[in-house]
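Q: After the C-alpha cells below, expect a handful of questions from me.
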Amino acid sequence: MAYQPPPQPKKNSNPPPVKKDNPKKDQGCHYCNVVGHWKRNCPLYLDELREIGSRRLGTWAPALQLKKLFPVSVAKGLVNLERLSIKYCVFKSVIAGEGETEQAFDLCRLAEISFYSLPHLESFSSGNFGIKYPELVKVSISGCSSMRLWGNGVHETPELKFVDDVPVKA
C-alpha cells in the first residue's frame with residue numbers, strides 16, 4: 001500500500017461578508033458632514049440625485065412611432081431640462097403646437113440639443129409660437145435629411161456657441 005496524506009479541509013472560496021455597523025459616533029456623512037447617517041441615507045444627497053435625474057432626458061428607442069414627441073403643454077413643463085438627445089426615431093416634430101397660436105415659453109436650463117439619425121424630422125417645433133433658450137450653447141444635428149426649418153415663431157438663443165461643432169459668429 002502506498003502512503004496517502006491525510007485529506008485537507010476545503011477552503012471556503014467565499015468568505016462571509018463583513019458586517020458593517022452603523023456609523024460611529026464620531027463619523028459624519030461624507031456628503032453633508034452630519035454625524036449619524038451614511039451618505040446613501042443622506043436626505044440632501046438623495047434630493048440632489050432626484051433633481052439631477054429630473055433634468056436629464058435620455059435617448060429615445062427606435063420603436064417610437066410618434067408624429068410629435070411633446071405637445072406644447074408638456075414642453076412648457078420641461079424647465080429643468082439641461083440636455084436633449086434623440087436618436088433613431090421617426091417623428092416629424094419634437095414640440096408640436098396644439099392650437100392655432102400658442103404663447104411663447106422658455107426652456108430655461110436647456111444647454112445642449114443633439115439629433116442623430118432622424119430621417120423624418122421636419123422641424124424642432126411645429127406651430128406658431130416662440131421659444132427662448134437662454135442657456136443653449138450647442139446644437140448637433142446629423143442624419144436629419146428632412147429637416148428644413150427649426151420652427152415658426154421667434155426662437156431666441158443668446159448664448160449659442162456651436163452648431164454641429166462649428167462656432168457661431170455673433
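Cβ coordinates come from backbone N, Cα and C, glycine included.
Owing to the predicted nature of the structure, the values given are computational and were not obtained by experimental measurement.
Summarising the annotation, TrEMBL assigns region 'Disordered' to 1-25. The feature compositional bias 'Pro residues' is assigned by TrEMBL to 1-17. For 28-43, the entry in TrEMBL reads domain 'CCHC-type'.
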Q: Need one number: mean pLDDT over the domain 'CCHC-type' (28-43).
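A: When the pLDDT values over the domain 'CCHC-type' (28-43) are averaged, the result is 78.
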Q: With helix taken as DSSP H, G or I, strand as E or B and everything else coil, how many residues of the domain 'CCHC-type' (28-43) land in each class?
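A: DSSP composition of the domain 'CCHC-type' (28-43): 4 helix, 2 strand, 10 coil.
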